[in-house]
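Noted in Swiss-Prot for the protein shown:
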- 16-51: domain 'EF-hand 1' (DOMAIN)
- 52-87: domain 'EF-hand 2' (DOMAIN)
- 65, 67, 69, 71, 76: Ca(2+) 1 binding site (BINDING)
- 92-127: domain 'EF-hand 3' (DOMAIN)
- 105, 107, 109, 111, 116: Ca(2+) 2 binding site (BINDING)
- 128-161: domain 'EF-hand 4' (DOMAIN)
- 141, 143, 145, 147, 152: Ca(2+) 3 binding site (BINDING)
């Protein structure tokens, strides 16, 4: 395994480690060796908000399952989660943000106007006031043209993460 990922594990907060441990423990119940099978690994990672493709999952497993046992212990799991978090913070998230922008941009004109923002936020089912919506629009609309373009949207969403 790469030392860079092992070093990154050391940078995880106790809260992150505890969250990962809790998820890992759910799936390790009943396992005599304290390891989870590679079949269960995808479920654990999805539970933690990661969404690796089957190919990515198999690649990660192959990299950490050095003895070919088909199981992953907690230390190996932490290294995998760090890797997944790193991958999620680039590339994929840009694609996801692009998809999200297109969802908001109902008329596909390349901008999110106040009505589109209002429609999407109300569709979430959350209680949100007109003032809240206007405040969000003001925060996102950096050039004050009354609409949010893609670059403004990216900048706004990066501040949210």
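In case you wondered, yes, glycine gets a Cβ from its N, Cα and C as well.
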Using Cα positions only, nearest of the binding-site residues to residue 152 (Ca(2+) 3 binding site) (69, 105, 107): 105
Separation of alpha carbons, residue 145 (Ca(2+) 3 binding site) and residue 111 (Ca(2+) 2 binding site) (Å): 10
Helix, strand and coil totals (DSSP H, G, I; E, B; other) for the domain 'EF-hand 4' (128-161): 22 helix, 3 strand, 9 coil
Tally of DSSP helical, extended and coil residues in the domain 'EF-hand 2' (52-87): 25 helix, 2 strand, 9 coil
Residue 109 (Ca(2+) 2 binding site) and residue 141 (Ca(2+) 3 binding site), distance between Cα atoms, whole Å: 16
Pairwise CA distance, residue 107 (Ca(2+) 2 binding site) versus residue 147 (Ca(2+) 3 binding site), rounded so that it is a whole Å: 13
Neighbour count (Cβ, 10 Å) for residue 152 (Ca(2+) 3 binding site): 19
Mean predicted confidence [pLDDT] for the domain 'EF-hand 4' (128-161): 85
Residue pair residue 143 (Ca(2+) 3 binding site), residue 109 (Ca(2+) 2 binding site) - Cα distance, angstrom, rounded: 17
Cβ-centroid neighbours of Ca(2+) 2 site 105, 107, 109, 111, 116, 8 Å, sequence order: 104, 106, 108, 110, 112, 113, 147
